[in-house]
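Copied over from TrEMBL, here are the features:
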REGION    1-20  region 'Disordered'
COMPBIAS  1-11  compositional bias 'Pro residues'
BINDING   THR67, ASP68, ASP69, ASP288, ASP290, THR291  Mg(2+) binding site
Amino acid sequence: MSAAHPPPAEPAGPGAGDAVRDRARGALLGLAVGDALGAPAENMKPSQIRRRWGRIEGYVEDDPAGTDDTEYALFSGLLLAAHGSALTVAHVEAAWHRWIADRDEGPFRGAGFSERGTLENLRRGLAAPISAQHRHAWSDGLAMRAAPFGVFAAGRPAEAARLVAIDGTVSHDGEGIYGGRAVAAGVATAMVATSTDAVIAAALSVVPEDSWTARSLRRAVGAAQRSRHDPGITRLGTERAVRSAVVIGGYPWTDLAPEAVGLAFGAFEAARGDFSASVLTAVNMGRDADTTAAVAGALAGALCGAAAIPETWAAAIGPARGSCLPSMAGYHVLDVAELLVARGAGSVAGGGAAEAGARDSAGDGASAGAGAVVSTAAGAGVRDGAGVGTGAGAVVGAG
């Protein structure tokens, strides 16, 4: 996409080894932890956060839980685990209908404006990409669910960006798609990288150089780097510098994809990928804090692995409650991480041939994909009472 930022070399696809599995678990658990840490500070200014809690250094609620960020990431992760690199817009649209739009489960709770606009269009009979033609197609709703694509395509940022754009065609357009591509490519590279530099280069390589997303990302990262080399700057000063680089003062919408993605990568760079510092920097900058912290957590978790996440933070993450997507109740991010590692390894080893064969033998590929994933899930076992084999068998066959 950008001559100034050529895509980094994509290493040979990793197998489902312990290191890759740990990073996959770190990415999705990091997303959920960041989401839960940031949720209380969502839509707040840093000054409001400080007045209420001082500086947030951990959970500030007695019963922390993920929000729509975690539940939509689960939804997209399960769909990707079913179809792998054979994922199509038709698969995504069918899953949105079956597991969200066509369900009679009361009001659609806790969703962002982009998701509400998409559901309204789908329920009116509009198909993708027209379903994404609403007033919030530029939101961070795709970026918040993009991490699973990076986990699946570990070490293959271009493939991660391609797949997340397919997923996003139903709900997003323009900058909304670019934000998702940047996050997916960043996580894909973080899964195999050892530095933040490679992760940032990968994110910039898959979005247009003159896009708002690319500009915000460069500005936030630049501010973080300058602050890090300033011996006199404080932690608060760094957060102010990163925030000032991308936030439009006084603008009411906090869910802008270019802003949220910029803040997340800025926090990640300011912390040089350290998990706790990345997430807490994102949380304390406010704005769409659950999403920025979820993205920063996914990037840092993929780079450092699950072991880098504080045990007390990780222990608070249980199966999803279905507070936003009732169909996701009972699923755990760690089980979805296992599914994606297994599916991603098979995709690399088979060069897509296995996926094509399953698709041919099953018509639209849904049944074969689900069968492969459910057998993998059974090996992962049951976590906290969440029926992985039973539940995943129902959901991943969608579409």
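Yeah, the Cβs are placed from backbone N, Cα and C, and that goes for glycine too.
Nobody curates TrEMBL annotations by hand; they come from automatic prediction.
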For this session: Quick one: among the binding-site residues THR67, THR291, which has the most Cβ atoms sitting within 10 Å of its own Cβ?
Result: THR291
Seminar exercise, completed: Around the recorded Mg(2+) site (THR67, ASP68, ASP69, ASP288, ASP290, THR291), other residues with Cβ within 8 Å of the Cβ centre, ordered by sequence, are ASP35, GLY38, ALA39, GLU42, THR70, GLY112, MET144, ALA294
Seminar exercise, completed: Most Cβ neighbours within 10 Å, among the binding-site residues ASP68, ASP69, ASP288, ASP290, goes to ASP69
Exercise. Helix, strand or coil at ASP68 (Mg(2+) binding site), per DSSP?
Worked result: helix
